[in-house]
């Protein structure tokens, strides 16, 4: 097949090793390797993550290229997550992408991991035009943005302490659940009473678009200590109450962000919600209901595209390719890379 317009996307920002080949019409192949080694530690161990990327990334690239039935010479560019993320993990992806680009004489595109989350919905929803509101809720980030165009964003608010994904992971660890914590807490919450424990809703009634989750996390810790040895029902109720609290915090902040977005540009009527936490079904329902009541369309990528993946990196690469945004082989991965200067 012709490889004109094909792009290779490489994602190694944290603990998922992911590679995809796609063009503007379809995903030709996608390979993901999740690192189970971290579960016993209750979180990601940077050294283990980097070593696993180094061991398996080249294998996934070969499988993805074979699955797409093309060679490196057929690619239009190589897109690679270059930040933000764990620098040791990022280096593995960037170095292999540089090697492929150099040997195949192809341009390289440095992809911002947050922009990849923000833009992937445009691959699924062809009618999603700029500008739109974005809520990124992931393991390392929690922020509202207005997406004006590829590479052009305005930040409306962010977490002033912990990210939402980190909070889910830490609550799961306190309760002796597995990693990643989000799916574990969500599963337990289905069997719990969401109103048993009145956890604090930080900033809920205040103006602005910032978040705070550290107080909620502390309240969960105190509740666990107060309850002593937890039976299954108490554990389920803590998970349900925590998740309910998170939903209410998000809804209150979303209302403020939508008002701020409308004030900035009255044409904005859609909000993309992405990042790993956006895969949570309860939160998706709460956010969708809130958005509908406020006259917005809440747009969620499929759940498999909310968590880290190579498809979103490849798509962000295509968006930048159309803009002529290329990087040099001297690009350096960045642990911190805000979308808004």
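Yeah, the Cβs are placed from backbone N, Cα and C, and that goes for glycine too.
Listed features, source Swiss-Prot:
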BINDING   113, 117, 308  Fe cation binding site
BINDING   136, 137, 138, 139, 140, 169, 182, 280  substrate binding site
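Structure coloured by features recorded in Swiss-Prot.
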residue : record                 : contacts (Cβ under 8 Å, 6+ apart)
113     : Fe cation binding site : 11, 13, 81, 83, 84, 85, 308, 313, 337
117     : Fe cation binding site : 136, 138, 274, 275, 306, 312
137     : substrate binding site : 163, 164, 165, 250, 273, 274, 275, 276, 277, 278, 283
139     : substrate binding site : 14, 163, 165, 166, 169, 180, 275, 276, 277
140     : substrate binding site : 14, 84, 85, 163, 165, 166
182     : substrate binding site : 165, 168, 169, 172, 276, 277, 279, 280
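The record assigns 136, 137, 138, 139, 140, 169, 182, 280 to the substrate site; their largest pairwise CA distance measures 17 Å. Every protein chain shown contributes to the tally, and the Cβ of residue 280 (substrate binding site) ends up with 25 other Cβ atoms within 10 Å.
The residues near the Fe cation site, meaning same-chain residues not in 113, 117, 308 whose C-beta sits within 8 angstroms of the mean position of the site's C-beta atoms, are 11, 13, 81, 114, 116, 138, 275, 309, 312, 313, in sequence order.
Least crowded of the binding-site residues (169, 308), judged by neighbouring Cβ atoms within 10 Å of its own Cβ: 169. Look at residue 136 (substrate binding site): DSSP puts it in a strand.
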